[in-house]
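A.B. asks: According to Swiss-Prot, the record shows the following:
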type     : residues : note
DOMAIN   : 207-260  : domain 'HAMP'
DOMAIN   : 268-482  : domain 'Histidine kinase'
MOD_RES  : H271     : phosphohistidine
TOPO_DOM : 1-15     : topological domain 'Cytoplasmic'
TOPO_DOM : 37-186   : topological domain 'Periplasmic'
TOPO_DOM : 208-482  : topological domain 'Cytoplasmic'
TRANSMEM : 16-36    : transmembrane segment
TRANSMEM : 187-207  : transmembrane segment
Amino acid sequence: MVSKPFQRPFSLATRLTFFISLATIAAFFAFAWIMIHSVKVHFAEQDINDLKEISATLERVLNHPDETQARRLMTLEDIVSGYSNVLISLADSHGKTVYHSPGAPDIREFARDAIPDKDARGGEVFLLSGPTMMMPGHGHGHMEHSNWRMISLPVGPLVDGKPIYTLYIALSIDFHLHYINDLMNKLIMTASVISILIVFIVLLAVHKGHAPIRSVSRQIQNITSKDLDVRLDPQTVPIELEQLVLSFNHMIERIEDVFTRQSNFSADIAHEIRTPITNLITQTEIALSQSRSQKELEDVLYSNLEELTRMAKMVSDMLFLAQADNNQLIPEKKMLNLADEVGKVFDFFEALAEDRGVELQFVGDECQVAGDPLMLRRALSNLLSNALRYTPPGEAIVVRCQTVDHLVQVIVENPGTPIAPEHLPRLFDRFYRVDPSRQRKGEGSGIGLAIVKSIVVAHKGTVAVTSNARGTRFVIVLPERG
């Protein structure tokens, strides 16, 4: 299968320039079209008014009932001679031409090719192409006339109820057409120049408008791993970029948090591994410094075994979290009775709880949930181990289970010193300890609660913690059917 070559999208500057220029040029051409159309309509109305004025004058002469035809035609010729750029033709009731403008073709010969004038508003007005002849122009001397606007109307005394003549009047429109063509050419030239100017102006405006984007880009490029505390000021950018800057600040804040946790994680894991390794080396060096009895060597080996077991557990926990980070932690779900699972965990911690004088209590129904039994037991074990570490002797750790709206809640409560609110959001971070020294003996590796969160998330649930003067409360919420 042949993949299509990657085609980079057009730049924002190109697209903005294209659309703004297109819209502006289109608006200019629309204005030009409206102007040309308005001029055409204006000239058409002006010509029609002239034609009506001429026809009214000639109609008065030809309608005179007491005049002979010869007298009418003589008067007609006197009147027509006073009009320039006008052709007249007069036909009798038999369709025979009885008069037409002297020195000009009979316009009736061209009338059959006349077309209706679309620019004329009202009245039967036609356009003629021809005849062609030289006639006086408007301030231009003589010019060639070949385009006419024509009307025809019945005139003269009535015979059998009908006028005896049909009058044809044609007015030259070449001067108007020349004016319109000249105007169109000028508008086209002007539009071409303006279009080029618009493109350059828009390009310049877009370039200037993108200056804040380039400024933000430069600021972002200057941020390195050593400057993750730097934030962009949203007040210094246009409002269109404010959300982008805020989103970037949120992103860099998350990166800073991850980077800090990663740095702390590297330091913590190095410290956690260094301590048992140092103990192993020290104890081995002491054992080898002189001859030892078998009992002394066994004690050293047992001590080393404890350190190695602790390291193995920590490595196992880290591999578990790595699987969770890469979405490889897939629970093998089956329906479980949480009361039974809590009972198994209680059995495991019962001896330790008795040694510390702490009572373990379970309150609630036999909640059913779809989950991985080993994972859920591990999460409960980590919570109980954490609770035993901080519960004073003579107190009780209570595990509650309840089902609300198809959600199963597992609550682990223990009395003890409350945790400061600023620590609560980070309790589930790896190697995070409330004690700033982070080195309390017997506190564990510091990743137990991180494992709890990974297991709960793998089961599509949530885990939260609250703490006050009455104690600390962890709440796990799991979907009943997974």
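Backbone N, Cα and C atoms are what each Cβ position is placed from, and that goes for glycine too.
Please go over these features one by one and say how buried each is and what sits next to it.
C.D. replies: Mean model confidence of the domain 'HAMP' (207-260) amounts to 87 (pLDDT, 0 to 100 scale).
Long-range Cβ neighbours of H271 (phosphohistidine) (same chain, at least 6 residues apart, Cβ-Cβ under 8 Å): none.
Secondary structure of the topological domain 'Periplasmic' (37-186) per DSSP (helix as H, G, I; strand as E, B; remaining residues coil): 55 helix, 53 strand, 42 coil.
Sequence-distant contacts of the transmembrane segment (187-207), counting only residues of its own chain at least 6 positions beyond either end whose CB sits under 8 Å from a CB of the stretch, comprise 12-13, 16-17, 20-21, 24-25, 28-29, 32, 35-36.
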A.B. asks: What is the three-state DSSP composition of the domain 'HAMP' (207-260), stated as helix, strand and coil residue counts?
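C.D. replies: The breakdown for the domain 'HAMP' (207-260) reads 39 helix, 0 strand, 15 coil.
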A.B. asks: For H271 (phosphohistidine), which of the three DSSP-derived states applies: helix, strand, or coil?
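C.D. replies: Helix, per DSSP.
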